[in-house]
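K.L.:
My questions will all concern the structure given below.
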Amino acid sequence: MAVKSYQAGVTQYRQSYWQPDYMPLDTDILACFKITPQPGVDREEAAAAVAAESSCGTWTTVWTDLLTDLDYYKGRAYRLEDVPGDDTCYYAFIAYPIDLFEEGSVVNVFTSLVGNVFGFKAVRALRLEDLRFPIAYVKTCGGPPHGIQVERDKLNKYGRPLLGCTIKPKLGLSAKNYGRACYEALRGGLDFTKDDENINSQPFMRWRDRFDFVMEAVQKAEQETGERKGHYLNVTAPTPEEMYKRAEYAKEIRAPIIMHDYLAGGLCANAGLANWCRNNGMLLHIHRAMHAVIDRNPHHGIHFRVLTKILRPSGGDHLHTGTVVGKLEGDRASTLGWIDLLRESFVPEDRSRGIFFDQDWGSMPGGFAVASGGIHVWHMPALVTIFGDDSVLQFGGGTLGHPWGNAAGAHANRVALEACVQARGEGRHLEKEGKDILTAAAAQSPELKIAMETWKEIKFEFETMDKLAIANK
């Protein structure tokens, strides 16, 4: 082995961290960054700087480089690509050796890949577009506490999407009135009701009171309908200790599912809660509150497909994914891409859906995709088509806004869903024939007929801010 020598000074990043001839290993963690460089900084130097600063490099040569094998540990920028339709930025592909990261710690992966490098002056803007976990790393992570099949078996619900509802108004109700709203929606035909992301333990409704009244509602609805029901009890709390206290109480009162805000609450807390749920037979619903602060800017931040991909090994049985047709951001192609990343065992590279790498999840179970945000009965045919069976379709205002009340709103959604599932089984095209399918079902359901009348003019037709960059073919 050649003797290493030390020369003080500053060298260009590209001398060590730009390797266009590098062939990524099966064990490498791969990342695709969208880089907008500062004026005067060439592509290779900016990409190499990102590789260095997100792995083991720094701004100057240090003598302690001689004490390790940098050729083994360093990140390597190995490919650059143009961004279709945008000449201000480009894609940089970087490979990281697996031994740079603690096993089973998505927290540690994020600390490097989206850490201080995002404030680096050599780049004007930086966005993590995609990430590939090698199967060797996937095997060290806990993943969803239970997954799709186990949840269906626990609830005895098969062959259709599940139906949910976020209780509104999201803030201000007393615990007793909150529980009453849950009961009406559950007895009307929903599978789940849900705490909104910002319901924790406020003066108007303390968490223990809410848990008690809600579980009374769940159990009463189960007795009346003969179906398993649930409510996502949000255990997100000021401290991990308080979070586990709330989770333990949910278990004590026989709740089947709890909820966590994984970005606001933190990935460390989320992984710990997922482990607790796995060990205690509790399902875990994940809300993505705060995601748009991170992912909506198309040039700086983290794409939501990465936030989806990081959640799966961290742990969650459900994840909010947007709706395509509702009030929240998300185009159809991209949404289908990250739904697959959440649910499928293997997802191949597909640039038409924004997927830059093959992703093999091995035997790690998948989670339910949750569609929520501005949806109502008219959206049902499209939602069933887009999301398929392994999803939870959550109608908040689209349940509670029914003129006849929560139970009628829930019943309308259940009738619409079952009509779409039946029509799909008959080979009908749900999106093309949706109006006819719903109209026929409404002839036998006054609740659905009124719901269709109420929301027939409601649309959310705004331009998507974060669009797929796909070359014209």
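Using the three backbone atoms N, Cα and C, a Cβ is placed for every residue, glycine included.
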K.L.:
Where Swiss-Prot shows Asn116, Thr166, Lys170, Arg288, Ser372 binding substrate, which of His231, His320, His411 is named for the same site?
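P.N.:
For the substrate site that includes Asn116, Thr166, Lys170, Arg288, Ser372, Swiss-Prot also lists His320.
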K.L.:
Please list, in sequence order, the residues in the chain of His320 (substrate binding site) that are at least six apart in sequence and whose C-beta is under 8 Å away from its C-beta.
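P.N.:
In sequence order, the residues whose Cβ lies under 8 Å from that of His320 (substrate binding site) (at least 6 apart) are Ile286, His287, Arg288, Val370, Ser372, Gly373.
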K.L.:
Spatially, and counting Cα to Cα, which of the recorded positions is closest to Asn116 (substrate binding site)? Options: Lys168, Lys194, Asp196, Glu197.
P.N.:
Glu197
K.L.:
Might you list, by sequence position, any residue in that chain lying six or more from Lys170 (substrate binding site) with a Cβ less than 8 Å away from its Cβ?
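P.N.:
Listed in sequence order, they are Asp196, Asn198, Ile199.
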K.L.:
So how many other Cβ atoms are close to Asp196 (Mg(2+) binding site), meaning within 10 Å of its Cβ?
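P.N.:
Taking all protein chains shown, Asp196 (Mg(2+) binding site) has 18 Cβ neighbours within 10 Å.
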K.L.:
Write down the Cα-Cα distance for Glu197 (Mg(2+) binding site) and Lys168 (active site, proton acceptor), rounded and given in Å.
P.N.:
12
